[in-house]
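> Attaching a single structure in structure tokens format; questions to follow.
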Amino acid sequence: MSTVVLLVVTGLGLGALYFLIASGLSLIFGLMDVLNFAHGAFLTIGAYATWWASVYLPGAGGDGVGFLVAVAFGVAAGTLAATLVELGVIRPLYGRHREQILVTVGLSLAVPALVQAIWGADPLPFPRPELVSGTVTLLGAAIPTDRFLLIAVAALVLAGLLLFGTRTRYGLIVRAGVEDRAMVTALGIDVRKSFTLVFAIGGAAAALAGALGGLYFGVITPFQGTSLLVFAFIVVVIGGTTSTVGCAVASVAVGMVQQFANYYTVAGLGDIAVVIVLAAVLLTRQGGLAKATAGRVA
Amino acid sequence: MNVDTDTKHTTEAPAAPAAPVAEAVRRPRRVPAWVAPAVVAVVLLSLPFSTLRIPGLFEGTLNSPSTLHVLATCLVLGGLATSYDLLYGRVGLLSFGHALYFAAGAYLAVLLMGILELPLLWSALIAVASGTLLALVLGAISLRVSGIALAMVTLAFAQAGSILVVRDPGRMTGGEEGLSLNPDLVPDAFIGVVNTVNLYWLAVGYVVVALGVVWWLSATPVGRVWQGIRANEQRVSVLGVNPYPYKLAAFTVAGALASLGGVVYLVVSGGVTPAITTAEFTLTLLVMVSLGGAGTRWGPLVGAVVYTYVDHRLLQLAASDVFDGLPAVVRAPLSQPLFILGTLFVLLVFFFPGGLAALPSRIHAALRRRAAAA
């Protein structure tokens, strides 16, 4: 029983991490048809900015309020990076999906390499605040406290995104744009303004995932984002791009499958089990994502 | 081919063997179509016999083992990029899992030799056959979706392979360390520094096979359906042709060529590391193809040769003391080839669409404009 509880909570924590990455990814993809390979780079930027702030920034630190300041700094850096990428690189290539993908591919290679050039390829130890170090006993299972933080933050982000989507004008435009971009444009609304916004939101969530991923794994590496991104892609394919809730469900499912398969079979098989689930979804559902995208992306 | 052209092109060969060639392709009326492949073939065949020194580009003479080894690696990746372009440039399929089939060929061959102690030829045959089968099966699943979803699905399959290799089940794949070739099972002709030239011939052979298969298939009726799918898949199916088997055929052939390339790569580099299984490796293939020019005859080969050479050279420079005089802010990024190549690629997409293969026609157009203005 205690093992199951531990696996469930850890799986939820991992799913929370995936959700933070995949939610931005699926928003960007749903609205703009841009498969954003640079999303992993935003995560790397967020993680390293948080680490840097906790060490060097006055007022920030590895514990308590200082850590919150450091995370805020990391999220701000990720948001800024995403906004700059959208304005500087994606915007001039609107309507040319292939080129947009190629550009984000270039960034996904260049940014982690730059980070590696500055801080080295070795894993850097990530600060761990007092509050989330150690374990909590729940139903007989000793669970690392940071898992709860991850789940709570992801739940907050989910609630925030849902509120943004239903209660604000921009959220309405974004949701309508995901549904049918041409129609929104035909109604005289400039959908492109919300592109930058969506990128900024995605960048912020990815940077937050970077900081929380640092807690989850204990260390940060330059190419961490790229490997997490692959699972986020899988989440997006399984969950579809039309709803944030679908994305959350898929994130949890992928995190759970991974944790349980990793524990009850050979370590490493969990990651492969996720791919098998993906194949099964594709074979049975005739590709949930494909229906929405086949006609839109060459 | 007379001696004159031969020597002339030998001097230019390492930087961009096909630059004059692509020009020839652009002007079919003045130059027969066979000239371009002939010139490239002569250049490639004469390189190991040339004692020319090209200071700045290569350290030793052209036929020195180190130079030949660099060239062999460049050519293997050139063939691999050509096979990737069959999907990306010719059929318009965006696959992010091509590394899987390359790695499958390399790893299966080295495992067959290591565990069953099969000789190289048999291991190579079985590895290529299995790689082809893998491409057929995974292609059949992934091609149920198209567009971006296909990119994500192929990426996921390749990632599964990459994880499998790194996690090292049963201590077979060597994990992060990779595996090295058992020299006892490899024919003597491929062993030792003296025989580097044979590795070069092997790489040349692979490039010829890859280019030959891709060109030949593109000229067949199947190739014409591919062209149609690339231009407009919906219209192809409206015309009564089911695109699925054609796409699957392209996927399988590209996978077969990639696993063959994996085996050749294994022999040329004397071992494998998990670096060739990663998503980054497929992304660099995409960079190579776009650099050279997707869907063109020579583009992928040229792009891959240039990319691999520059990558190799930058690593060498980073290890040497060339950058030592520079301030740390400049030196650190310069020591990361991936940073330079990634940045260059972004600039390329913006200012240089069409890649290197489009260069001759762009120069022509510019010259014509200048002539018109004057």
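A Cβ is built for glycine as well, from the same backbone N, Cα and C atoms used for every other residue.
Relevant sequence annotations retrieved from TrEMBL are reproduced here:
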- A:6-27: transmembrane segment (TRANSMEM)
- A:34-53: transmembrane segment (TRANSMEM)
- A:65-89: transmembrane segment (TRANSMEM)
- A:101-121: transmembrane segment (TRANSMEM)
- A:148-165: transmembrane segment (TRANSMEM)
- A:195-217: transmembrane segment (TRANSMEM)
- A:229-254: transmembrane segment (TRANSMEM)
- A:261-283: transmembrane segment (TRANSMEM)
> Taking the transmembrane segment (A:195-217) as reference, which of A:65-89, A:229-254, A:261-283 has the most Cβ pairs under 8 angstroms?
A:65-89
> Checking distant contacts: for the transmembrane segment (A:229-254), what same-chain residues at least six beyond its ends satisfy Cβ-Cβ under 8 A?
11-12, 15-16, 18-19, 21-23, 25-27, 29-30, 37, 39-40, 43, 108, 154, 158, 161-162, 165, 178-179, 271, 274-275, 277-278, 281-282, 288-289, 292-293
> If you count Cβ pairs under 8 Å, which stretch among A:34-53, A:65-89, A:101-121, A:148-165 touches the transmembrane segment (A:6-27) the most?
A:148-165
> Are there residues at least six beyond either end of the transmembrane segment (A:101-121) with Cβ under 8 Å to its Cβ atoms? List them, or say none.
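Sequence-distant neighbours of the transmembrane segment (A:101-121): 34-41, 44-45, 48, 85, 89-90, 93, 221-223, 225-226, 229.
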> Do any residues, 6 or more residues outside the transmembrane segment (A:148-165), come within under 8 Å Cβ-to-Cβ of it, and if so which ones?
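Residues packing against the transmembrane segment (A:148-165) from afar: 9, 12-13, 15-17, 19-20, 23, 27, 132, 136, 171-172, 174-175, 201, 205, 208, 212, 215-216, 244-245, 248, 251.
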